[in-house]
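A short worksheet on the structure shown next.
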Amino acid sequence: MGLKLQQSYHHSVTVKVNEQMGTKRGYTFIQANRAWLPKFLLLWVMVMAFLSTWIYKKMDADNKVRRKEVLSSMCDQRARMLQDQFSVSVNHVHALAILVSTFHYYKDPSAIDQETFAEYTARTAFERPLLSGVAYAERVVHSERENFERQHGWTIKTMKREPSPIRDEYAPVIFSQETVSYIESLDMMSGEEDRENILRARATGKAVLTSPFRLLGSHHLGVVLTFPVYKSKLPPSPTEQERIEATAGYLGGAFDVESLVENLLGQLAGNQAILVNVYDITNSSDHLIMYGHQNQDGDLALLHESKLDFGDPFRKHQMICRYHQKAPTSWTALTTAFLFFVICLLVGYILYGAAIHIVKVEDDFHEMEELKVRAEAADVAKSQFLATVSHEIRTPMNGILGMLALLLDTDLSSTQRDYAQTAQVCGKALITLINEVLDRAKIEAGKLELETVPFDLRSILDDVLSLFSEKSRNKGVELAVFVSDKVPEMVMGDPGRFRQIITNLVGNSVKFTERGHIFVKVHLAENPKPMEDPKAETCLNGGSDEDALVSGARQFKTLSGYEAADERNSWDSFKHLVADEELRYDASVKMKAADEASQSVTLMVSVEDTGIGIPLIAQDRVFMPFMQADSSTSRNYGGTGIGLSITKCLVELMGGHISFISRPQVGSTFSFTTVFGRCKRASFSDTKKPNAEDLPSGFRGLKAVVVDGKPVRAAVTRYHLKRLGMLVEFANSVKIAASACGKNGSSCGSKTQPDIVLVEKDSWLSGEDGGLSLRTLDRQQNGHVFKSPKMILLATNITNAELEKARAAGFADTTIMKPLRASMVAACLQQVLGTGKKRQPGRGMLNGSSVLGSLLCGKKILVVDDNMVNRRVAAGALKKFGAAVECAESGKAALKLLQLPHSFDACFMDIQMPEMDGFEATRRIRMMESQAHEQMNGGTEEGSIRTGEWHIPILAMTADVIHATYDECLKCGMDGYVSKPFEEENLYLAVAKFFKTKPISDS
Amino acid sequence: MDLVQLQRQLVDYRTSLYHEGFLDEQFTQLQSLQDENNPDFVVEVVSLFFEDSERLLNELSKALEQQVIDFKRMDAQVHQLKGSSSSIGAHRVQKLCIVFRNYCEAQNVEGCLKCLQQVKHEYGIIKTKLESMFQLEQQILNAGGSIPV
């Protein structure tokens, strides 16, 4: 069966894993497009390359435009200047023409001859820097030639210096500047260019230019400027004929264009950068160069043309500028584009790298997640395996234990008995261990669910204490519990688990403590100083060992006087807590209302012992499962070391945390916090109190004096008495108590007269005159009308001799054995005060079948099982413990029998039955009960109190605990379960919850 | 026969029953429940078991002969048998019942038939063994001795 279970678990685990993996496959965008990443990168690079090319082109184009603009502006500037200079020179020539006409023709005789002209022109040459020279040629018609030649004494010659052939007209040079004196007497009309010029000039009356040609003197390219000179004044708008008729001669000058431009360019900046050509473009098909070389290198791609106007409308000139050098590569643009590209490339690569990294990290993450899920699954599987195996082991173990118990019942020799007993002890230890492992596995598998029911914390603590009272008493260890008044009476939580924690801790303490005390203290977590880091504390503790040695001799103000590991529980701090409560007691009543507003209450529980402590090196691993202080611990003290780890788990489940302070050879203090819900008052009165024992209220208002030298212990005693509603005073010693009583008795009257005096055994023994004082006390009382207070001795353990002595000393009334429990104290007081039936306070035996017998004896129990054999066996087992058993063979029969009112005390119910299974039957029974309850409630006011009686404890009987888990049992209203077949201890534990032995019986 | 010898024989016989796995600790538990108030407890319970088992086995045989086999019902019956056998500690029968139930769940007719045969066989054995044990005990009691535990 185990194997099958495991398989199904395994199956469920794998399914879970798959599911988890399925849901966790949420990919991001990057992850989804991981294959595209390199392509994205390539695309990015391409786009960026394109972009940088575009940037380069744009910048380059900008550059070109700027270059062109610069060129055009330079070109235009040059053209303008050239034009200006030229027109200045032309104006001068014009002025000269007017000079000639004025002085040569209007004056008679002529005021100008060659010498005058030469001198004048030479002296005014600075005004015509561009002209290599000027000359004046007179118009001579053929009829006047002879006359003219005679007058001047030379013949007219052609340009080739030959006597001129006969022509209609001649234009011999008569005046010339010295620089061009070689042309004197030459007929200007003999040159083709000049002739044309002359004809055009006299027709238009304006300066005209020749096309460029090589000048005679300098061989520079040049043009000749010709002005007509008129004999008489012309009419305002003369016709061409009139102009020709009035023409007297022509003034001409040769422009050395080449040097003109050269000069001009030399004056301007940027001369080196550009190349200037000047053309005559009169004939548009054949441009004549005026300046510059035709085939010069230069940037042919870019040129600028500027128009030149030299004042001759017939001729057109043009200046063409080019850059000397080709446009330099634009390094700025290139660098910018390149850098841009590089940066983008890097950015792209970084993004790519990041994406790749993300992909990798995500892959890793998914892998890890998968591994984590698997690990968790493995862990769960392990826990389930443990749970299953533990359970499977339990069954045969029960057999072994049963056999051993039987064996021990037989006649055995002492050796055999010893062996068998040892085997039984071992077996029990094994069962405990298995139960613990099962618990732990359940916690780890997350199967442990805490219930939330109202319970009385104080009575649980009392129960736990009573469980250990026997052991502690035998050891002479004082066991005490103290709960702060502020802790609510009822809290919501899981009483079973709380009990388990306390039992574990106190059990440990009892195990490891041989002297001194074990002290459980509960208070609100808000009260004390905040918890300090236990590690730091332990370090501190280690350091203070020396101190402890020194102080070893002195009495500590702890419960028993032995030193405790945690100073906080000593009187010095404890009294603050108590005093605090005292002071604020009234206030706290008011505050309670406010407190109740908050839903939860955090409690701080500490368990202090004065045992062997935990070695420093082992303190780290105290809460780790199966780790004991050292291997010798389990030899000496037994146990597995799993208890504390379970405790820790439980505490954490309950929303608290646990820590400890321990000093070797001094003791340990385990403290934990836990969060409980507050009980609402309204629901509180309605709910049953399964764990609360009702304390008798007959002691309210009684006054008690506690005589105890140790304040902590006195506070504990007072705590228990206060729970009974008594007023408590302290006295350090018997003497003080006696004197106080005396005074009170005489002065204040009955109000302060104590009813009871409780004397701690230590105080009584240590006071030498104890007995005496007591007697005085007695006597004083006797002297008055008041009845004497009852004297009660408190002791942890007491020998018979001491008991006798006590009786003799006046403690005739009773002795209360510690640990104190409110119910037990109440019982004793009842006995002493005569309010209850008398009973000798003894040491209750709490073990074995006698207890089970006493629990079940006389109880009427219903066994429900469809299997007649099982029914018979269960009935037999229960009968053996003295119970009256009735049987029902089905759920229906059980329902019939359990119709209210019935007289059954409990019901054992099989789960798997035909027709109506145990769960269903239980549900119906509970329904019946609640219906009855409602009716009752409607009828009488007492209904709520009586409900408890109508809750029949139902225990499930089942062979396999795994299937019918405890939770399932609880869910349908059962109170617990017993594993079939019955095992004594198991049965006891299940039954003990419901059939409490009467409080008195175990005191 | 000598009383002591008889007692020894009983103890040996019982031990062998435990040893061979016919009985388990539950039978011991059962015996522990028998005391002066209830001297025939074990015999009573075991007879109940015989009665119950025979009824169940008959019903099972019948059920398996049917045209349409009600496996659910059979499963419940085998569960009953398992419960009673585990209650008296008839270990082998109990173990077989577990197998039997698996076959019932799987609705495996052949497996069920085979199991039924085996259960019947085991039941026969345990019945004989227990009866002879009780006989021995009776002899001891008749001889005036006490039954060794």
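Each residue, glycine too, has its Cβ placed from N, Cα and C.
TrEMBL labels come from automatic prediction, so no person has curated them.
With a threshold of 8 Å between CB atoms, the same-chain residues lying at least 6 positions outside the transmembrane segment (A:36-56) that come near it are 30, 333-334, 336-338, 340-341, 344-345, 348-349, 351-352, 355-356, 359. Under the heading transmembrane segment, TrEMBL lists A:36-56 (among others).
TrEMBL lists A:108-320 with the feature domain 'CHASE'.
According to TrEMBL, the transmembrane segment annotation covers A:331-352 (among others).
TrEMBL lists A:388-678 with the feature domain 'Histidine kinase'.
TrEMBL lists A:703-833 (among others) with the feature domain 'Response regulatory'.
According to TrEMBL, the feature domain 'Response regulatory' maps to A:860-995 (among others).
The 4-aspartylphosphate annotation in TrEMBL covers A:Asp910. Within the same chain, the residues at least 6 positions away from A:Asp910 (4-aspartylphosphate) whose Cβ sits under 8 Å from its Cβ are A:Val864, A:Asp865, A:Asp866, A:Asn867, A:Asn870, A:Gly918, A:Ala956, A:Met957, A:Thr958, listed in sequence order. In the three-state DSSP classification, A:Asp910 (4-aspartylphosphate) falls within a strand.
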Long-range environment of the transmembrane segment (A:331-352) - Cβ separation under 8 angstroms, sequence gap at least 6: 37-38, 40-41, 44-45, 48-49, 51-53, 55-56, 59-60, 63
Per-residue pLDDT averaged over the domain 'CHASE' (A:108-320), given as an integer: 80
